[in-house]
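J.: Here it is, the structure in full.
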C-alpha cells in the first residue's frame, strides 16, 4: 500500500471522493542535486491537521465495526473471485514499480497524490481509485457514499464533507486489505499498519467518564464497585464504618489466630454458588459443616434420633397442613364476612325503599280520599296500587336478604368451631418442635407470626445444592481479599452519608468523616445500604441519610412494607481447658431445647480453635440483658450438657447486637404477612429524577442493591453479591447502551380457567368441610333477580394444584 503514496506531494485538503478525474502532474522531475526533504515536515502537518479537524482518533472504532460488517456479508465464491482479481492487480503494480528508467532518459509521467484545492481535492491516485472501487463493489457497498446502516452507526461522520471522504477512504481501504487475503483474519493492528500516513494515527481522544457513587461497602457494594470499574466507570464507594464488609464481619482475637464471624457465616450450597468460585480465586479454605448434629434437651440429655425424626416429620406435616388448611380457613372466613357485608347493604337498601314507599302510600291514600274529581281519583288509585305493589316487593326482598344473612351467621359460627387446633402433642415434644420453629425463624429472618405463610419459602426452588460450608479465616477476610489493589483506592471509609441530592443533571452526596463534611458529585448513585438504614431514612430518623427530593411513594411503600428481621450471636472465645476439642465436637452443631425457643437454641464450633458460637433468633434476638447475664446463661446451658468438664467461663466473650447498629438496624429481610412475592423486585426498581411538575419522570438516578432486593437468594451473601452485579449491568446499559432488546423476549402464555357457578348453599357445605384437601375454584359473584349471590371458596393449594412438602432449613 505504501508504494501508492508520495508523502512529498501530499497536502491535507481532503473533501471529496467522487469528483472528475484528478489532475496529474506530468512535469518531469528535476535531477536531484541536494534538494531538501520536506517529507517529515509535511507528514507532521498532516497528522496534526487530521487529529484536530477530522477526528482521526475515532477511526480505530470505525475500522473494527467495518470489519465486522463486511465479514458477515461476503460469500465464499465472492471472496475467491475478489482475491484473485486484486492479487493480479497487486502483482502487476509491483512488477511495474520494479522497472527502472534507462539512464539519461526522462522519467515517465507519474500518477501522484497531489491534493490541492485546484486538484478537485481527490484523496488517492488513479490506481488506488480503481482498487478501492473494486473492493467496495465486491463487498456490495457503494463506493462513494454511506449506507443507511453506516449513517445510523456513525452519524458524526456526516457533519462535514471532509469527514465523510476520510471515512469512505478508510472503509474502502480496509475492504481492499481484507480482499487481498480473505483467508487471513484482518485485525485492527494489521489495518492500522497498512493504512497510509496520516490515517494510521494512534492518537486517542479522551472523553469524560461517567461517575457512579456507591453507598455501602458490603457484598453488594463491593461487587458493584469491581464490575463498574471493570466497565470503565469512575467509581467512588462511601462506607460509614472503618472497615469493609457491612454485616459480614470477622472478629480476630488479639494476640492469636482465633477468628469468628459475627455476621454472615455460612456458604449455603456449593453447586452454582458464586461465593465458592470466588473462594477459589482468593485461595480461601472452606470448612464443611456436618449435616448430622445431636440435639440435647433442657436437662442436657441427648434426644433420641428417632424422636427427632418423628417430630421433624410432624413439623413438615404441620407446615403442609397450615398451608392448606389455615389459608383455606381464613379465605372462607373473609369471604363469608364479605358476603355478609353485601347482604347487609342489600337489607339496608330494601329497608329504606320500603320506608319510602310506605310513606308515599300513606300520602297517596290521603290524596285519594280528598279527591272529588272522578278522572283524578282514577289516576290516584292507579298510582296507589303501584306504590303498594312496590312496597310488597321491597318487603319480600328484605325478608329474603335477612334470611340469607342469618344463614351466613350460622355458617360463620360453625366455621369458628372448626378452627385448627393449636395443641395436639405433649409438652416435651412441643418443646422439641419449638427448636424447628426457632430454626425457621433463624433462616427466615423474622418471627413466625410476621412471616408470610404463602411467600416465606419462595426462594426454595433457587437454593444451591450441595454441602454447606464456612470459611476458615472468616467471611470478612474473604471479602477483604476480593478488594484488589486497583479498586482499594476508590473506597472512602469512615464516610457517613448525610444527604443524597439528585435531579435530572446528576447526583450529589454529602457525607461526614469525623468532623469534616465533604461532597462528591456523580451521574448516578447506587444505594447498597441495608434495608434497616433505608427504613430509618424514609422515617426521617436522626443520623440517617436523607434523600432530596424524597423518594417517590412506590419506593417508600416497598421499603416500609418489607420486613427486616433480627439475629444475633454470642461468641465464647478461648476456653482454657479446650474442652471443645477434647469432646470431638469440631464442626458440629448443638441443638438445645430452651423454654424461650430462640434463645441459644443452637451452638456451633466451626474450627479446631476453642470457640463456640451460640445463636439467638426470633424474639430472643432482641437482646436487652447485660453481657454478663447473657454469658452466664450460655455457660449454664453448656454445663447441663458437659457437666463438670465444662469450664467456668470463657477467656473472652463477644455479643452482637445488629438491631442496635446504626449502620445495619437489623439482620436480613423477609416477606411479611399480606405482602406479595414481587416485593423484592419493587425494592430494586430505580428512582428517576423529579421534574418541575412533581412527577418522577426524569433520568434514572438512584439504584438499589443488597440482599433485600434479591428475591431468589434473600438473606445471603450470594444474593447481595449478585444484586450488585445486576445493578452494575443496569447502570452500564443506561450509559453504554443495552446490547439486546427486552421487547424481543416472549412472555409465557397464561391460561385462566373458568369456574362454574354454584348455589349459595355451597358456602355452608364448604365451610363445614375444611378437611377436604381437593382444590376448589372461586367463582365470580352473580346477583340474580332474587338478590342471592353464588360463590364457592378456593382451596389453598399452589398454582399447580399441589403443595410440596418442604423440610425446614436446618444446615445453617
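A Cβ is built for glycine as well, from the same backbone N, Cα and C atoms used for every other residue.
Curation plays no part in TrEMBL annotations; they are all automatic predictions.
These came from TrEMBL, pasted as-is:
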type: COMPBIAS; residues: 1-12; note: compositional bias 'Acidic residues'
type: REGION; residues: 1-22; note: region 'Disordered'
type: DOMAIN; residues: 132-226; note: domain 'SWIRM'
type: BINDING; residues: 241, 247, 265, 266, 707; note: FAD binding site
type: COILED; residues: 391-418; note: coiled coil
type: REGION; residues: 753-812; note: region 'Disordered'
type: COMPBIAS; residues: 754-764; note: compositional bias 'Acidic residues'
type: COMPBIAS; residues: 774-812; note: compositional bias 'Basic and acidic residues'
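Any idea what these are sitting next to in the structure?
T.: All chains included, 28 other C-beta atoms sit within 10 angstroms of the C-beta of residue 707 (FAD binding site).
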J.: State which of the following binding-site residues has the fewest other Cβ atoms within 10 Å around its Cβ: 265, 266.
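T.: The binding-site residues 265, 266 were compared, and 266 has the fewest Cβ atoms within 10 Å.
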J.: Helix, strand or coil by DSSP: which one applies to residue 266 (FAD binding site)?
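T.: Its secondary structure by DSSP: coil.
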J.: Would you find the one among the binding-site residues 241, 247 whose Cβ has the most company, meaning other Cβ atoms within 10 Å?
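T.: Compared across 241, 247, the most Cβ atoms within 10 Å surround 247.
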J.: Given the model, what does the mean pLDDT over the domain 'SWIRM' (132-226) come out as?
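T.: Looking only at the domain 'SWIRM' (132-226), pLDDT averages out to 87.
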J.: How many Å separate the two farthest-apart Cα atoms among the FAD-binding residues 241, 247, 265, 266, 707?
T.: 23
